[in-house]
Every structure is written in C-alpha cells, then in structure tokens.
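Reviewing the structure listed below.
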Amino acid sequence: MEIQDTTNVEPNNIENDEQVHKSTEKPQRITACLVNAAFFGALGSSYLYGYSLSVVNAPSLFIKTFYNKTWQERYGEPIRADMVTTLWSITVSIFAIGGLLGALCVTLLMKVLGRKGTLLLNNSFAMISALLLALGEKAGSFEMLIIGRFIMGVDSGISLSALPMYLGEIAPRQVRGFIGQFNSILICLGVFTGQVLGLPELLGQEARWNFLFAFQALPALLQLCVLPFLPESPRFLLMERRDEAGAEKAFRDFLGKEDVSKELEEVHAESRAQNTMRMASITELLLNPAVRWQVVTVVVTMACYQLCGLNAIWYYTNGILRDSGFAENVIPYVVLSTGAVETLAAIVSGLVIERVGRRPLLLFGFTAMAFFFGLLTVFLNFQHQYLWMPYLSFICILGVIASFCSGPGGIPFVLTGELFEQSYRPAAFMIAGVVNWLSNFAVGLVFPFMQEALQTNAFLVFMVVCVLGAVYLHFILPETKNRTFLDISQSFAKINKVPLPDKEMENVLAVKPRSKQVEANGKVLHFEVESSF
C-alpha cells in the first residue's frame, strides 16, 4: 500500500484527489437486504400515506349517505346539509391534524425504539385505524370514522419522518438518493392503488366501501411479517446505542461484504467531529448558527412541497374532464391516468437521481410546474370558447403531476436526512414534519376561499410559489449527491458564517470515508481506503 505524506498538502489538491477517486470509484452493489428494507419499510409507511390521500374520494357520497342515515336513526330527523358538509370536512381535514401530532411525537419514539422499532410500532396505529374505519358503518357510528382518520394521520405523521431517516442511514452514499426515493415511489403507488380499488367494479360501491378502509391493514401486516428480520440503522446502533457489534452486523447485511471497518471508521469520525453523542433538541437546532441555513432550506422545501399546488390539481381534474365532454361514468377511468403518470414519474426520478443529482431535479421540477401552471391558467380562461381547449388543460394537469413527482415530490424527504449530522437529524425531521403538516392543513383550509375569489387565476399563486422555491434552491442548495454527511455540513460553513474547523478538528474531519491516518516521526501520514458511506 502506498503511503503519502499529507502534512503540507493544499486543500485544493485534496479536493482534486477526491474528485479523481470518485471518478474511478466502483459502483455500489445494491443488496437484497437493502432493497427489502427500503420496500417493506415504505410499504407499511409511505404507501399507506398515499393510499389514505386518495381512498376517501370514491366513497365520499356513500359516506355522506351513511352520515345522514345514522343521524336520522339517532335524532329522528334528517341531517341538515351544512352539518353533512361539516362532518365530511372534519373527516377529511382531521387526517392532517393527526399527522401533525405524529410528527411531534416521532423524535421521542425514535430515541426510545430506534428507527426500525418506531416503524414497527406505527403499524399498530394503521391496524387500529383500519378496524375503526371498516366497522364504523356496522356500529352505526360516524365518530369511529373520524377517529379512524385521525389515527391514520398519526400513523402518516410518524412514518413520513421515521422512514426517510431510516432509508438515509442504511443506504450507502452512492445510492442514498435512489433508496430514499422508495418513499416517494410508494406514496404515488399508494395513491394509484386507492384510485384503482375505488372503481365501481371493485370496492367503489355502497355495499363495499368499508372494505376500502379495511385494506389499510394489509400493508401494515406485511411490514410486521418482514421488517423484524431486517437490520436496524447501523448509524443509530453505533452513535446512539454504542452497539458496535450490532452496527457491524447491520453494515455487513446491508452492504453484502465482510470487511466493513472503513464504514465503521467513517461513523466514528463523524462522532468525533460532533464531539457529542447527545441528540440536539429543537431549540438547540434552531439557535445553532452552524446549521441555520440547513434549517431554512428544509423549511422552504417542505413548505413548497405542500404549497406548490398539487392538491389543487386534484380538485380541478374532474371538472376539467367534464368540460372536455367525458361522460360521468368514464371520468374515474380517465383519472387513473393521473395516478399512473405520477407513479411512472416517481420511478424515473428514482432511477436517475444518482446520475443527475438532487439539485437539478428539484430545480427542473419546480420550474416545469410553474411553466405548466402558467399554461393551465391561460387554457382555463379560454376553455369555453374552443371545444379542444379543455384537452390542453388536461395535458397541463398531467405535466404538473409529472413535474412534481420528478423531484419536489420525494427529494425534500431525502434532503432532510442528508443536510444534518446524526445528533441534529431527529430534531430536523420533527421540524420538517411540522412544516409539512401545517402547510397541508393550510392548503385545505385556504384553497376553497382562494379558488372562489380568484377562480381559474388561483393557479397563478402556485406558479409564484414554485418560482420562488426554484430561485431559493438555485442560490442556496449545494449538490449532495455521493457526498458524506460531514462533507455536506461543511459545504454550508461559509453561508452560515461560521469558521471552518481548526487544525485539530481538521485532522478528525480528514478521516474521510476512504482515508485513514497514522502518525510516524511526528508527521501525519495519509493512505487511501474506500468506504461505501
């Protein structure tokens, strides 16, 4: 092994050496254990979130009829129209309130149970919710439906924080984006499944709608059967539980190789650089100037994720299809194309993210959404003057959906895990979750009034949000592809206006994923090794 004296090596030379090394780096092998952890972890988590978003659309009329029937049996008179609307609004919107509560609880759960343990416990919420929603009609209780939706929201709030953190910590840096996109892909697949099962030929009938909600228990049961046999996050085991033997075994399983000493050394190096094993609180994260712009970036991307207008697109789709001349009984099948495009775009994004990078996909996604929102506004204003104009509007809707899923639909969750080191990561995910669910609730609350006031011009508001998000990310966000967590943290040092590490800390940080240091004759010597993390 060739040993190189790096006592007086310039930083630029080190960066050049790193770039040369990355260009000759062997592709990371993706093991069955890693794929299984990503798929089954997402199946009982993000898949259920996506399914919960779309499953209430098909049976909405049947559920309102059930509310009316139950009210009449209890009080001997038909329910008022405004009360039906109120109960239905509560049933839909309480999902976001449950999500906010789940996001607030997730840090404590992960500290006590770990990443995998939190996901496993979360399945109990999904199954309780499925029982309440499926049996509410039999019991003659619309309260059971409302409580069931609330509990499903708690499940989603926990899973949308715990799952991205788990995926980010088990994946080698060369495929961290690809593995992280399982979260987005399974969300889209869940939405599509809800649309398919809601068709009248399947479960979208008055006699079968409760089975739509009973289906929620199946992914949770599958995750309970598989995930216990897969490893916990090795970074969590080593840095928070001090379980080096467990972390070593987890690394071996995920990477499919016996010698994982280099991966262990990288995690030790990050631990020494942080100089603490204690997890930071929300207050400490918000007040720490060294991570100020990382926090702002997560808040901006998560807010744009919800405020970019995709929820409004779902609201408009059926109306545009009716204006295009589609028969009412055909519209559910045409709407399936939106779910199919969403899923396909998420899969393509997952396949190219390690080649293209996070930053270009985010910039392209928000810019393309702004472009299609602008066109959609024009087409909607002229749709009654030309018979063919609604078809162009529908094409724009598909363009908005595909643009969203190409980057903004999944990468914000990946970034939240990448922008922070281990001690700050749980608090960062709590902040991201709170912003996500508050923005979700705000869209549901404000959009009906905004649509009433602005009509078709409401999409111009979302166009502005997308443009502002793209501009911010262009100037602030560095590329995180194939970089270690320490590298990413250091790239924010200048914008955060914090000093770079002193000489002693540089020696710690110099233990990169592919390097070790030894000391001989008073000189620091450097020799190359390679790490997957």
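Placed from the backbone N, Cα and C atoms, the Cβ positions cover glycine too.
Note that the structure is predicted; figures quoted are calculated from it, not measured.
The region 'Disordered' annotation in TrEMBL covers 1-23. Residues or ranges marked as compositional bias 'Polar residues' by TrEMBL: 1-14. Taken from TrEMBL, the feature transmembrane segment covers 30-49, 87-110, 117-135, 147-166, 178-197, 209-230, 295-316, 331-353, 360-382, 388-415, 427-450, 456-477. The annotation domain 'Major facilitator superfamily (MFS) profile' is assigned in TrEMBL to 38-481.
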Assess whether the transmembrane segment (30-49) lies in contact with the transmembrane segment (456-477), where contact requires at least three Cβ pairs under 8 Å among residues 6 or more apart in sequence. no
The recorded stretch from 87-110, 147-166, 178-197, 209-230, 295-316 sharing the largest number of CB pairs under 8 A with the transmembrane segment (331-353) is 178-197
Same-chain residue ranges lying at least 6 outside the transmembrane segment (456-477) that approach it to Cβ under 8 Å: 293, 296-297, 300-301, 304, 307-309, 312, 358-359, 362-363, 366-367, 369-370, 373-374, 376-377, 380-381, 408, 415, 447, 450, 495
Stretch with greatest number of CB pairs under 8 Å, the transmembrane segment (295-316) reference, 117-135, 209-230, 360-382, 427-450 candidates: 427-450
Please work out which recorded stretch in 87-110, 147-166, 178-197, 388-415, 427-450 has the most C-beta pairs separated by under 8 angstroms from the transmembrane segment (360-382)? 388-415
Dominant neighbour of the transmembrane segment (427-450) in 87-110, 147-166, 178-197, 209-230, 388-415, by Cβ pairs under 8 Å: 87-110
Per the definition of 3+ C-beta pairs under 8 A with sequence separation of 6 or more, do the transmembrane segment (209-230) and the transmembrane segment (87-110) touch? no
Considering only Cβ pairs under 8 Å, which range in 117-135, 147-166, 178-197, 388-415 makes the most contacts with the transmembrane segment (87-110)? 147-166
Let me know the model's mean pLDDT on the domain 'Major facilitator superfamily (MFS) profile' (38-481). 88
Which range wins on Cβ pairs under 8 Å with the transmembrane segment (117-135): 147-166, 178-197, 388-415? 147-166
